[in-house]
Amino acid sequence: MSWFADLAGRAEDLLNRVDQGAATALRKESTSNTFYSKNTDYPELHQQNTDSTYHTGQKANYISSAADNIRHQKATIIAGTANVKVGSRTGGDASHPTEHASVPRPSSHFVRRKKSEPDDELLFDFLNSSQKEPTGRVEIKKEKGKAPVLPSSQSSAVSSVTTSVTTIKATEENSGSQSPEVSSSDSMPEGHKKSTEESTVSNAISVEHSSVPSDGSMSHELSNLRLENQLLRNEVQSLNQEMASLLQRSKETQEELNEARVRVEKWNVDNSKSDRITRELRAQVDDLTEAVAAKDSQLAVLKVRLQEADQVLSSRTEALEALQSEKSRIMQDHNEGSSLQNQALQTLQERHEADATLKREQESYKQMQSEFATRLNKMEVERQNLAEAVTLAERKYSEERKKVDDLQQQVKLHRSSLESAKQELVDYKQKATRILQSKEKLINSLKEGSSFEGLDSSTASSMELEELRHERELQKEEIQKLMGQIHQLRSELQDMEAQQVSEAESAREQLQDLQDQIAKQRASKQELETELDRMKQEFHYVEEDLHRTKNTLQSRIKDREEEIQKLRNQLTNKTLSNSSQSELESRLHQLTETLIQKQTLLESLSTEKNSLVFQLERLEQQLHSAATGPSSGSSINMSGVDSGEGTRLRNVPVLFNDTETNLAGMYGKVRKAASSIDQFSIRLGIFLRRYPIARVFVIIYMALLHLWVMIVLLTYSPEMHHDQPYGK
């Protein structure tokens, strides 16, 4: 209940603030004249208070009603002590406090607690006094008839009494409206309420009568009324607290009851489910017991039938075992004969294959020797050609050197002639200048001479001048011609020098290239010679290995032929005893093991041979690349390798044997077609392996084909026919 106490404390603080505000407002309004209603008749006021309706509102209405009540109470106190005349209000103003007083408070927290005063004995005496309500009413009526207008003190006392009564009734009715269920069962009886109301009314009347004689008695009665009001408030508060606790308990019990009901309902549902499940299980158990009983009867019948069938089966199995033993004995004899024949055939085939492989290896070795001889001859021819080319280049270089020397000599001669021409030109210029100077001197002397000479002298001088001018023009033309020749010789000399420099550089480059080619040819020749030596050694090793394998295979073939002969003798002389059969079986097992071992040896030898063949092919490719590298014109003629039988350089597994292709019918044709396809694919692979250019072309062709297919797939859009279906 901590929140309840906190709420009560907050309400008390709020009431204290409201009291302070009301006191300040009353002090400001003490100068103004306020009038109360003329209805001083207490029974009418009491009836109006008892018959007024109570309205519920928000907390602001409760606070305003409490503030109005406190304001009215303090107004009566101030009017009684200071003898302030208070007028009657208007009808709307008189009814306003009653309406606000009639509004019930939500709880007793708005009732302000006050300290108990010392005159408790007087309060109890006053409460135990025997004054009655009707006499008070009569006296009030008489006094009303005597004096129509009461003094301000009497009206204020009556208004204070009415407000106190209304506040008490409002608090009681509020508590009753908050807990209607509890008040109906646990609240005070109505007689007690009426007695409290009558006592309050009688107290109000006594206060009214006592307020007429003097102010001291009125203050005493007011204090008594305050005490009584405080006691009533305390009682109402205690009752409210009890009612709240009872309400809380009732709510808790109601919640517990609801929870218990929910639990009971859950238990009932669970019990009903469990009952239903048990019924279903019982029904299933009954059905299963009936089915088990039916199946037991069926099992008994089936057991009898099974016993009969077992007897029939046992008899039949005995007969079958006898037949199978005979069949196995016959099949064993047949298998032994066929296995011996197969072994003989296999040994013969292996012998033929070994001979064929030996022949092929010998032929391939011979071909390789011939190819190497041809390659060596070609290399020697190429070396001779290169030597001749080097000698020719040296000759060309010497000739070019000679030409360069001749050109240099010509240049020197041209330079000397040019210098001599320049010297002659300078000398001629000097001579011409001297002649001109002498002529000018003559002309000047002639001019200075007497002008009285005859016409002959003047004509002679004029003729000489014309001749000199003509000579001068001729000299100028010759000088221009010589200058043109000099320029031409200079340009020719520059061209010759540039040509000489370019020819010298080209000759140097050619010499450097030739020297590089000679060095490369020498290095490649050394490498090829080393490779040839190594390959010769490898061929020797291969020949030795082949001879060894041939000898071992021949010895094995002889051993197998001896074993076959022994087995044939044993087959002709075999007996039907168990001991001879066991010996034959052990012998067959030994033969099969030896065959398996020999097959593994043959496979290992074939793998070694294949590896050697691969090494040879790699060396051939290196030789081919070395031969085609320095001289693009040189090539190896391998036309004789692909032609003829036995030209395969490695032991590629054939799909079918050549001995089995001679069979007639569809089976033989299929074998022939498969073997021909196999041979073609092997030759194609060898061709692509030997010629890398063909491989490059095939790769480019496949890439272009795939690219074209992708372009077609991505760019092709099918034709969309927008015709309607059903031929419309």
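We number each residue from 1, going along the chain as drawn.
Heads up, the Cβ atoms here are built off N, Cα and C, so glycines get one too.
Predicted, not measured: the structure shown is a model, and the values here were computed from it.
According to Swiss-Prot, the listed position annotated as phosphoserine out of Ser95, Ser116 is Ser116. When the residues Arg27, Arg263, Arg395 are compared with Swiss-Prot, the one annotated as dimethylated arginine is Arg27. Per Swiss-Prot, the dimethylated arginine annotation among the candidates Arg89, Arg351, Arg469, Arg522 falls on Arg89.
All protein chains considered, the CB of Arg27 (dimethylated arginine) has 10 other CB atoms within 10 Å. Look at Arg27 (dimethylated arginine): DSSP puts it in a helix.
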